[in-house]
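These come from TrEMBL:
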- 102-428: domain 'FAD/NAD(P)-binding' (DOMAIN)
- 139-144: disulfide bond (DISULFID)
- 148, 214, 239, 240, 241, 413, 419, 420, 421, 422: FAD binding site (BINDING)
- 276, 277, 278, 279, 280, 281, 282, 283, 299, 367: NAD(+) binding site (BINDING)
- 447-502: domain 'Pyridine nucleotide-disulphide oxidoreductase dimerisation' (DOMAIN)
């Protein structure tokens with residue numbers, strides 16, 4: 001816990017295949033307007049992932065990575081752009097296309113879809129991505145990117161407001177304050193910049209961006225918009241997720257909000273209840289308390305931070321919660337009524353009323369739900385499970401009879417395997433490897449996660465209880481190694497010795 005580099009290194013170990021793990025071979029694709037494209041592969045892989053985003057997202061020109069060795073050139077097939085309003089391939093007697101408009105169509109232009117599209121281009125596939133909302137999906141527009149902008153502000157505010165911390169470093173700071181609209185603009189401007197860069201990078205590399213809601217009509221056939229139909233040899237579903245709101249809570253977007261609304265920072269309440277103490281709730285508690293709010297956590301389970309290693313959770317509670325203007329209720333559900341926001345606490349076990357809170361606002365941070373409605377899954381006999389698209393270990397979609405749907409894959413939050421942006425990116429790369437002839441199975445235990453509080457919490461693999469449970473079943477012993485950051489010179493130099501590596 002502390003000084004996590006997981007955000008920039010998030011997918012370094014996400015794939016277990018040397019040629020793509022930790023990096024994607026970066027090639028400079030010359031102008032897509034020419035009749036053909038040339039992929040130039042550097043002799044050494046370069047790590048370009050940042051929460052699943054490639055360097056193109058931050059304004060780096062693809063041509064910056066060009067290498068001019070003829071021996072390294074790989075000729076890609078010529079690309080033609082989708083121009084017609086109604087394009088479809090000729091169909092065989094069984095309704096399955098004989099030829100295709102694209103090698104690969106991706107439904108959803110979030111981090112997972114974007115990563116898959118760019119990797120597909122590198123592999124020489126004619127690729128289109130369908131987006132019914134905005135490029136970048138949750139991560140860029142309503143998640144990782146704007147939240148990190150707010151957390152950057154909260155970290156600096158927290159440090160500047162700590163007179164003891166500043167004095168220990170020999171610094172003097174007086175009357176640190178903030179401009180709410182300026183902070184909100186910082187988050188919004190960053191999201192806009194990254195979104196535009198993602199769009200430009202895909203266009204520059206020859207990915208066709210088709211605007212409209214994508215619906216699967218049948219095998220290898222997709223409709224987007226009103227009546228546009230395209231076909232592809234392979235299709236990837238990458239539609240992501242939306243905030244999950246429990247029954248009994250009505251979101252109004254003003255005083256009862258989700259993370260989507262909170263990231264706009266339209267106001268900073270004096271007292272806010274945060275329902276859920278996972279990653280999202282913890283990060284927003286960090287933001288709100290740094291900006292002056294009091295926070296009350298409402299957690300349905302019997303302990304805070306239930307998804308974390310228990311030892312790390314206890315330390316995090318001592319560092320991130322106890323010293324701050326935060327209190328909490330565990331083992332209770334929340335229902336909302338009235339204005340100001342009245343929250344009734346219901347005992348999670350007895351279902352009896354337990355307490356009532358009157359707060360200025362409530363943030364519903366109870367996780368996320370897959371966004372899979374309207375995909376046309378019924379047209380290919382696929383039934384979702386709690387909204388998630390069922391897939392096997394290779395992200396291949398499974399139908400209602402337990403059979404694999406040919407040439408159809410689902411990645412990211414929509415399949416529920418691991419609801420992290422860089423997991424979606426790693427899954428997309430894995431699928432592209434498969435459709436280009438290389439078998440690949442992603443090891444999800446190698447994918448790290450991080451909570452970007454101050455200090456940060458990062459983790460990878462099993463928690464200690466999970467490891468001990470596995471050891472008991474499989475007959476091996478568990479060893480635990482720990483080291484305190486109080487023995488870390490860099491941590492002590494910054495006067496931040498709280499924390500441990502386990």
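Cβ coordinates come from backbone N, Cα and C, glycine included.
No curator has checked TrEMBL annotations; they are predicted automatically.
Feature annotations (TrEMBL) mapped to structure.
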| residue | record | Cβ contacts under 8 Å, 6 or more apart |
| --- | --- | --- |
| 239 | FAD binding site | 107, 108, 214, 370, 371, 372, 375, 412, 414 |
| 241 | FAD binding site | 138, 368, 369, 370, 371, 412, 413, 414, 419 |
| 278 | NAD(+) binding site | 305, 306, 307, 365, 367 |
| 280 | NAD(+) binding site | 259, 365, 367 |
| 282 | NAD(+) binding site | 305, 316, 320, 451, 453, 457 |
| 299 | NAD(+) binding site | 276, 277, 306, 328, 329, 330, 331, 332 |
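For the domain 'Pyridine nucleotide-disulphide oxidoreductase dimerisation' (447-502), the number of residues in each DSSP class (helix H, G, I; strand E, B; coil) is 19 helix, 10 strand, 27 coil. The NAD(+) site is set by 276, 277, 278, 279, 280, 281, 282, 283, 299, 367; from the centre of their CB atoms, other residues of the chain with a CB within 8 Å are 274, 284, 305, 365, 366. Listed recorded positions: 139, 144, 419, 421. The one with the lowest count of other Cβ atoms within 10 Å of its Cβ is 419.
If you take the Cα of residue 144 (disulfide bond) and the Cα of residue 421 (FAD binding site), they are about 8 angstrom apart, rounded to a whole number.
When other Cβ atoms within 10 Å of the Cβ of residue 276 (NAD(+) binding site) are tallied across all protein chains shown, the result is 23.
Residue 148 (FAD binding site) sits 10 Å from residue 139 (disulfide bond), taking the CA atoms of both as reference points. Residue 139 (disulfide bond) is 6 Å away from residue 421 (FAD binding site) when you measure Cα to Cα.
Put simply, the two farthest-apart Cα atoms among 276, 277, 278, 279, 280, 281, 282, 283, 299, 367, the recorded binders of NAD(+), are 15 Å from each other.
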